[in-house]
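For reference, Swiss-Prot has these:
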- CYS62-CYS523: disulfide bond (DISULFID)
- CYS80-CYS479: disulfide bond (DISULFID)
- CYS153-CYS218: disulfide bond (DISULFID)
- CYS310-CYS358: disulfide bond (DISULFID)
- CYS552-CYS591: disulfide bond (DISULFID)
- 120-126: region 'Involved in fusion and/or binding to host membrane' (REGION)
- 204-212: region 'Involved in fusion and/or binding to host membrane' (REGION)
- 677-725: region 'Hydrophobic membrane proximal region' (REGION)
- 1-41: signal peptide (SIGNAL)
- 42-727: topological domain 'Virion surface' (TOPO_DOM)
- 749-845: topological domain 'Intravirion' (TOPO_DOM)
- 728-748: transmembrane segment (TRANSMEM)
Amino acid sequence: MSFTDQTYTRSCMHTCITRDHRLYGIVIISLLLLLDNSVFCQNENKVIDIKKDEKIWPYRICSGMSQATDIVRFGRNIQCPEYSPKDEGTEGILLIYKQNIVPYIFPVRIYYKELTIRYRYADVFSYYDMGDVTKKIPIMETEKTLIDMDGKCYSAARYVEGGAYMDAYDGDEHNHTVPFMLGYQNPDGGVTRYVTVDTHRPCLPGTWLRKTCTTVNCIVTDTYAKSRYPYDFFAISTGEIVDGSPFYTGDNDKKFSETYTKFKVYNEYERLEELTVSSTKKRTFDKIAFLEKRDYSISWEVKEEDQAPCQYVLWKASTQALMTKTVNNTYHFTSRELTATFGANDKEELKLAEKYPCVYEDAKETFEKMFSQNLKDTHVLNNDAKNNYSYVSHGGLILIFKPVKNKEIVQLMNITHLLNNTHANMTKHRRKRETSSSASSKGIYDLYGDLNVAQVQFAFNTLKSYINQALMSIADAWCRDQKRTNEIWGIISKINPSAALSAIFDKPVSARYLGDVISVSKCINVNQDSVRIYQTLKVPKTGEEWGDRMQCYSRPLVTFRLDNETASTIRTGQLGVDNEILLGNYRTELCQENSIRYFVAGAQIHVFQDYDFYHTIKLSDVDIVDTFVHLNISFLQNIDFQMLRLYTQEEQYASRLLDLETLLRDFNTYRQRIYKLEQAIVTKPYVPPAGMQQALQGLSGVGSVITGTLGAMQSLVSGVASFLQNPFGGTLSIILIGCIIVGVIIIYNRMNQSRGSPIDYYFPYVNQTLPQRQLQQHVGDPPSYDESIGSSHTYSKEDALLMLKAMKELDKSEKEAQIEATKSQPSIIDRIRRRGYTTLSSMNI
């Protein structure tokens, strides 16, 4: 039910109105004067204005977290060292060294040429990209010298392809030297790139032509490489890997798996620090290595391996450490500051000066510094024991322990030693005296000295035994108490995880079990000034009868808002334990007669009698059940338990040989253009529909033939469609279709002409007039009548045959005349060359 429902509002108003007004006013005035708390009925609902105490936990929301931010667990089977009275405990300084995961970082220079071959095609309207090819070509040793000394590079590139040398020229021009320019610089990632070409060469072919363009870009990259112990290979920040030690010189025993013929070391090598035109500053290297790989070349400075980071680095140092040798012949190093115990086998002592000289020198310097700063006034070095103890812990850490002694104990031991020597000398001199005078000459001093020696020796032995026993007992009890406390916390956390984890972290958290681990979430603090608590715990009726007893809320109802919400926003919930706000209002119970409830809110306790607000008392007025057994001791310091982090986030970040962030930044910055890749042609077999496929399978061999035929037809159609989709194929198809249409039109017109006048079509020279020379041959007497009309009106087969032969000869002669006339005409080239001139008519003189 919502808190703004009318039924609930009427119930609240009824609760306010049914009280005696005078009694209610007296109660309010008394509470205001005595308890300094404001209780009022605002508008329609009764609420209590709560004053928060900053020293206690704030109002917050811990329940209902959908997802935890962290997961934790309690340790199991914690092993404590087995201390015994025979264990030898020694006080001293403890240094703990962890393995250094930060790799050896050194600068490198990468050389290569980027060859880009582009194919372009153009038609009338647009240009077409037919694909391109990009190759990385390593720079040879001779050209490297030109780059490092003069800051220039050749514009040509030579590479091997198919067993033959191939030459490529930038812009398809002659080979020449070009200067470098700054192409890209990333100071954070340590990448600086120099290029000779910032853009591709223009590639615009003519209409209906295909063009190939070449761009050769000389690229030099100054970046960093990383190598981790045992330094068998190193990785470059741009993603390349060199399978060889950075300390390999060609004649030492370092690992090198690259091609030896492509590797060379230069002594006293000088090169430019920057490859820009304005840079002239050079640097000389004692040794620099050059390696040519398949698609790039690389150079780096070769140093000695002792200049690399030490394999182990100091992690923790303690001036109050205890070394104890157990009955199992193992050493346990307990540190008060670290609240931890490290175990090591006593037979695995390290020889630091030989195996780890860098650790030995650093430990020596650290011991001297810590002793002079922290222990010089109270302790002295223990000269009776070894200089230092160095062992490898069970977790792979190097433990170096230096024994020290308290000055008071040393002074006591010196007094004992002095008294013992005095007693021995006096005894020696007395032996030379006579026996008669021995008893009389033994004075009180000798007896006093013997007594002092005995007393001092006894006191020292007793004190030493007591101190050693106390130290061992405290160390053992400390470990066992932590183990038991850990087990108790684990059991309590199963009952109430949030309360247990809040007590451990000393701040309110929300916790719940997720299987065998505990999810922990930070509580959300609400606006502290907006929290209001209602004065009644009775659930308003909704028109239905509850029975003999009404329903009442088991926890008070509250309203609140979050910090980022406006004052008009009202959220509802119920007040939980320790100022926790529980979401929802479903926590109810059957109302009890003569009930009284105390609820802590802030620095006050609100009392509800018969489920209505009665009065408020101060939280400090209620006595606390004292469960502590107080120890009357002074100068007792608390120990703060902290998580021991072996490696920091900075060390873990630096330990990665290949940095993905730097790689992606370099990739996205430099390779901004997307290269088109040639798509592989995959022939897909024809698959008929399911029903048709079943029918064809029933035809066995015949069905297979039909399926193959359909597949071939599909392949043919797909090939034709692919050809038409290509710009060249589509253009050629349009031209062929146009030629076919023009040819059909010409043929159609000629067929119509042949049908209309076949004689004129087949014999176009019939209508031509005879030449004059033909007429002159018939001048003379006309023929007779009989000769002119012929002897008959019909023609024989022989006449027809002669006529056809004559027509054939006539047609042949006409064609030869046309050919001769065509040959006599000038060609197109002659017409263009002799344009503006006219042909003179020939005359016979």
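Each residue, glycine too, has its Cβ placed from N, Cα and C.
Nearest neighbour of CYS62 (disulfide bond) by Cα distance, taken over the disulfide-bonded residues CYS153, CYS310, CYS358, CYS479, CYS552: CYS552.
Taking CYS479, CYS523, CYS591 as the disulfide-bonded residues under consideration, the smallest Cα distance to CYS358 (disulfide bond) is found for CYS479. Note on CYS523 (disulfide bond): other Cβ atoms within 10 Å of its Cβ, all shown chains, come to 21. Annotation note: CYS479 (disulfide bond) sits in a helical segment as assigned by DSSP. When the disulfide-bonded residues CYS153, CYS218, CYS310, CYS479, CYS523 are ranked by how far their Cα is from the Cα of CYS552 (disulfide bond), CYS523 comes first. In the three-state DSSP assignment, the secondary structure recorded for CYS218 (disulfide bond) is strand. In this structure, the C-alpha atom of CYS479 (disulfide bond) lies 33 angstrom from that of CYS523 (disulfide bond).
In the three-state DSSP assignment, the secondary structure recorded for CYS358 (disulfide bond) is helix.
Closest to CYS218 (disulfide bond) by Cα-Cα distance, out of the disulfide-bonded residues CYS310, CYS523, CYS591, is CYS310.
Of all Cβ atoms in the shown protein chains, 27 besides its own fall within 10 Å of the Cβ of CYS218 (disulfide bond).
Within 10 Å of CYS591 (disulfide bond), counting CA to CA, the disulfide-bonded residues CYS153, CYS310, CYS523 contribute nothing. The highest number of surrounding Cβ atoms within 10 Å, among the disulfide-bonded residues CYS153, CYS358, CYS591, is found at CYS153. Break the region 'Involved in fusion and/or binding to host membrane' (120-126) down by DSSP state and the numbers are 0 helix, 3 strand, 4 coil. Separation of the C-alpha atoms of CYS523 (disulfide bond) and CYS310 (disulfide bond): 44 Å, rounded to the nearest whole number. Rounded to a whole number, the distance between the Cα atoms of CYS153 (disulfide bond) and CYS310 (disulfide bond) is 40 Å. DSSP gives CYS62 (disulfide bond) a coil state; it is part of no helix or strand.
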